[in-house]
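As structure tokens, the structure follows; a few thoughts come after it.
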């Protein structure tokens, strides 16, 4: 125990100071503008996908059930972190309360694990659509899709609950400065002044399960899909099959690569300087890009958006 922290022994701090880029004040205004624009685009893009998936009868297939949940997850992701980041950038007092920090990393990890399973469910949907097209409607029926989504949300909540229970027991000994933009479990473990071996091990096991197992299922699904696509005789058929999967593969890459870098290393060796920018990437940039990735390469979504805009514009012309 450090002697200068004796007076704070085992007492949780009232709040934490989130450094963000305080050491680079010249970056604050440009980053504030980028985050604000990205947040607005993420809100508009994801809300649009949710609306067209719900309102357009042609998008009531399993793929768009999963896509609407993915968009809702991205909305929650950005709203959990970005408003607080923007508020801190616009203030000289860059703090978050202990309770607010706990809620933030609890929700953040809940959403992250849920998204891992939703992305795996989307890969399963693409596998059945391409490899078992005649049985697609029988296999991917609506109750199964709803069950998969429920499993995703409940599993993510269970993981988050375990992480919160373990993390709130860590003493911080008056150490209040988080070198991050928002609260995350690895950063909290790094800040703790006690032995965090149990937290390190639990985080590694749970992340390995919630990240590597869904990723393995995704890669396996796309292995079978690639084999099926290569058997298609016409180039048009191969192009269509590739087009239905490429958007999902891009989203999987944008989500999993940063998550693997941050969470599949021991928190004791976690580099906060690098980690905070990678966390910022997948908490705002990825949710901002996802709607555009799906929209730009998906004729069904673009057509549904045009029909929705036409329906909304029609009363205004009368």
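Using N, Cα and C of the backbone, Cβ positions are placed for all residues, glycine too.
As stated in TrEMBL, the feature transmembrane segment covers range 29-52 out of the listed 29-52, 173-196. At the 8 Å Cβ threshold, with sequence separation of at least 6, the transmembrane segment (242-264) comes into contact with the transmembrane segment (107-128) through 3 or more pairs. With pairs at least 6 apart in sequence, the transmembrane segment (107-128) and the transmembrane segment (205-230) have 3 or more Cβ pairs within the 8 Å limit; the two touch. Sequence-distant neighbours of the transmembrane segment (64-87) (same chain, 6+ residues past either end, Cβ-Cβ under 8 Å): 20, 32, 35-36, 38-39, 42-43, 45-47, 49-50, 53-54, 96, 100, 104, 107-108, 111-112, 114-115, 118-119, 121-122, 125, 142, 145-146, 148-149, 152, 181-182, 251, 280, 283-284, 286-288, 290-291, 294, 300. Long-range neighbours of the transmembrane segment (107-128) within the same chain, counting only residues 6 or more positions beyond its ends whose Cβ lies under 8 Å from a Cβ of the stretch, are 62-63, 66-67, 69-70, 73-74, 76-77, 80-81, 135-136, 139-140, 145, 148-149, 151-153, 155-157, 159-160, 163, 182-185, 206, 210-211, 214-215, 217-218, 221-222, 224-225, 244-245, 248, 251-252, 255-256, 259, 283. When Cβ-Cβ distances below 8 Å are used as the criterion, the transmembrane segment (276-296) is approached by residues 20, 35, 38-39, 41-42, 45-46, 48-49, 67, 70-71, 74-75, 77-78, 80-82, 85, 108, 179-182, 184, 187, 247, 250-251, 254-255, 258-259, 261-262, 302, 305 of the same chain, each at least six residues removed from its ends.
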